[in-house]
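Below is one structure, written out as structure tokens; the observations come after it.
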Amino acid sequence: MTEYYGTLQKRPLEQESVAEGNGGLESGKKARGDSDVFAARSPENEDVDVDADADVDADADADADAEEDAQKDILEETKADELDEVVDEYEEKEVSSNFNGTASDHVGITSSNTGSTALAASSADTNSGSGNGTGTMATNGTLSDRQYAPQKPEHPIKLERRSVSRKYVFPVISKEDSLNARSYLKQFGSARFLDDYLPEDLNSLYVYHMIKLLGFQIKDKELMLAIQEVVHNADNDDSLPQKNSSETKNVSDTYTATYPSPSFEDPLEKKHAVRLIKDLQKAMNKVLSTRIRLTNFHTIDDFVAKLKTAKKIIVLTGAGISTSLGIPDFRSSEGFYSKLGDLGLNDPQDVFSLEVFTEDPSVFYNIAHMVLPPENMYSPLHSFIKMIQDKDKLLRNYTQNIDNLESYAGVEPEKMVQCHGSFATASCVTCHWKIQGERIFPNIRNLQLPICPYCYSKRLEFFKTKTDEELADGEDDDMDDHHGRSVPKSFGVLKPDITFFGEALPSKFHRLIREDVLQCDLLICIGTSLKVAPVSEIVNMIPAHVPQVLINKDPVKHAEFDLSLLGLCDDVAALVAQKCGWDIPHDNWNKLKNKVFDSEEVERGVYKVHPLNESPAELEAEEEKHLPLQQSTAALTPPVSLSADSPGRSSSSSPQPPTQTDIANNQTST
């Protein structure tokens, strides 16, 4: 590949690549050595004087410099195309009839008829190739501990050419070929990948085929038209490949294997060849920066089998696991943030901004009741995690939720990392006095600021409480500066120990995640859209051979999950538990245990799960019908800080003095 790129740089520019008109034509001629300048040095003109000869040499040098500049321009100005990922559109190979055992015993080659998988009977170093020179995925060991290594191609890619038309024919690329090539690139690196897949002599069409082999399609119409001009494409299909090597071996009188000649007569213009190289670089970078789905793990049965053998499961959870309890998620179309549009906030996420809270905590406390967790309640999904823990399979539950419901379900503190904190405790932003979170729940439900008893008297000095009559008269109740000192409105306010935007994640997260990702043998992401870093990066930290499963209402397209189970989290958990023969320790399990679920495969590795005879649309309508009041926008009240000049402003932002009993209890708890 490096030699090809070097040869390409030395290749004369085509006439169209330099300029239009006579000037471009002359430049092209000079580059090929057939211009009038060189003709003047023929034997008949040997009497040309030295000065004239020097002038000719100077002109030739100038032309060479101009040519070199033009070469640099085209290399520097050519940009890579936008690439469409099409690996999922490739056909799957049929399972070979000489495999022994059932389909569930093998992995690697997928049957397009049944969706089951089979493993090539060869070892990892067996050279079994296809028309693309790619092999199948080989493994050793049991299903639970197999390590999946991509096969080295039997031989470099070899393009064939029709004898009469002299047009090229590309081998057919299967999904397994593409996945193997992508895995080979990721495991062995760019240099070995190019050395093993490409012949020593190649042209630009080999580069195009490599882009296709990695699962990408070029979008540039001009470039595609140029390729179609030199490629046999009987069906006028943009994807171009027509026959595989097994078909062409029997028609040697029609097709001939071909490698480029040393004279380097590339079928495409240089500008197209340069673009293809840059497109290949872009495709390789995309592959190297993303996870590759496992070819042997894409069915519910694969998930069930792995659950039974896994010992170090990481469960990553989000707000979707609590929606069945009436707690809204955050980022869906019906989620928490979408409902905050009525509040007039520039950015709904401002309610969880540390900077905004410091300036005016009433912004948060006017909506906090909407996300306040129910006490001593948990969903079947929470109990599903507890079940995994009880079977000694749970390495860690990394939860993005702030409701602390996992603890109610019985997940042990050492098995749980609350990545974004929780309502379990609350702390004074001024003196950092800490109490149990449930003690400020009444304040939250009444839209009141909970005030630290130790900072209460000092806060009264800074912020005098105004009566409704004084507020109606327009008197300012804010005293942001006391004796020349700036005092934030959050002075003495108790804040739930949830991680706001602008705050660092708990040290426990950073301490454990580095070790856990190396031990993990199965990752299950549940009820999360994976939009918030650094928690969203966990999927990219897991070793490539570890299966990743998504259980969520909607797909997460920016991640590469091996298996996605789309539906209500409780339903999916019930289906999986049924197939495992396990009981979920939840009061509703007897009902869920006898429920029949339908799993519809919408594409490879993606299933929609819903109760039998109930469509997903019917389930969604039924779910919305029973939404609790706390998800209704009618329960929202504008934050006090947004209507400060209004005479009808709520007085709920005024500090509520704790009772003597409260102070006594608080002092006792310390």
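From the backbone N, Cα and C atoms, a Cβ is placed for every residue, glycine too.
The region 'Disordered' annotation in Swiss-Prot covers 1-157 (among others).
Among the features that Swiss-Prot reports, compositional bias 'Acidic residues' is placed at 45-68 (among others).
Look at Swiss-Prot and you will find 69-81 tagged as compositional bias 'Basic and acidic residues'.
What Swiss-Prot lists as compositional bias 'Acidic residues' is 82-92 (among others).
Under the heading compositional bias 'Polar residues', Swiss-Prot lists 96-119 (among others).
Among the features that Swiss-Prot reports, compositional bias 'Low complexity' is placed at 120-142 (among others).
Residues annotated as region 'Disordered' in Swiss-Prot: 235-263 (among others).
Feature annotation from Swiss-Prot assigns compositional bias 'Polar residues' to 239-261 (among others).
Residues or ranges marked as domain 'Deacetylase sirtuin-type' by Swiss-Prot: 293-583.
Cβ neighbour count for Gly318 (NAD(+) binding site) (all protein chains, 10 Å cutoff from its Cβ): 27. Residues annotated as NAD(+) binding site in Swiss-Prot, with similarity to another entry given as evidence: 318-337, 400-403, 527-529, 552-554, Cys569.
Look at Swiss-Prot and you will find His420 tagged as active site, proton acceptor, backed by sequence analysis. Within 10 Å of the C-beta atom of His420 (active site, proton acceptor) sit 20 other C-beta atoms, taking all shown protein chains into account.
Here Cys455 (Zn(2+) binding site) comes close to Cys428, Thr430, Cys431, Phe491, Gly492: these same-chain residues lie at least six apart in sequence, with C-beta atoms under 8 angstroms from its C-beta. If you look up Swiss-Prot, you'll see Cys428, Cys431, Cys452, Cys455 marked as Zn(2+) binding site.
Positions annotated as region 'Disordered' by Swiss-Prot: 617-670 (among others).
Annotated compositional bias 'Low complexity' per Swiss-Prot: 641-654 (among others), in sequence order.
The compositional bias 'Polar residues' feature in Swiss-Prot is assigned to 659-670 (among others).
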Checking the binding-site residues Ser322, Gln400 for other Cβ atoms within 10 Å of each Cβ, the smallest tally belongs to Gln400
Please report how many Å separate the Cα atom of Ser322 (NAD(+) binding site) from that of His420 (active site, proton acceptor), as a whole number. 15
Counting Cβ neighbours within 10 Å across all chains shown, tell me which of the binding-site residues Cys428, Cys431, Cys452 comes out on top. Cys452
Cβ within 8 angstroms of the Cβ centroid of Cys428, Cys431, Cys452, Cys455: which residues besides those meet this for the Zn(2+) site? Val429, Thr430, His432, Trp433, Ile451, Pro453, Tyr454, Gly492, Leu494
Fewest-neighbour residue among binding-site residues, criterion Cβ within 10 Å, set Gly326, Gly527: Gly326
Average pLDDT across the domain 'Deacetylase sirtuin-type' (293-583)? 87
Where does Cys428 (Zn(2+) binding site) sit in DSSP terms: helix, strand, or coil? strand
How many neighbouring Cβ atoms, not counting its own, are there within 10 Å of the Cβ of Lys553 (NAD(+) binding site)? 19
Structural state of Cys455 (Zn(2+) binding site), classified by DSSP into three states: coil
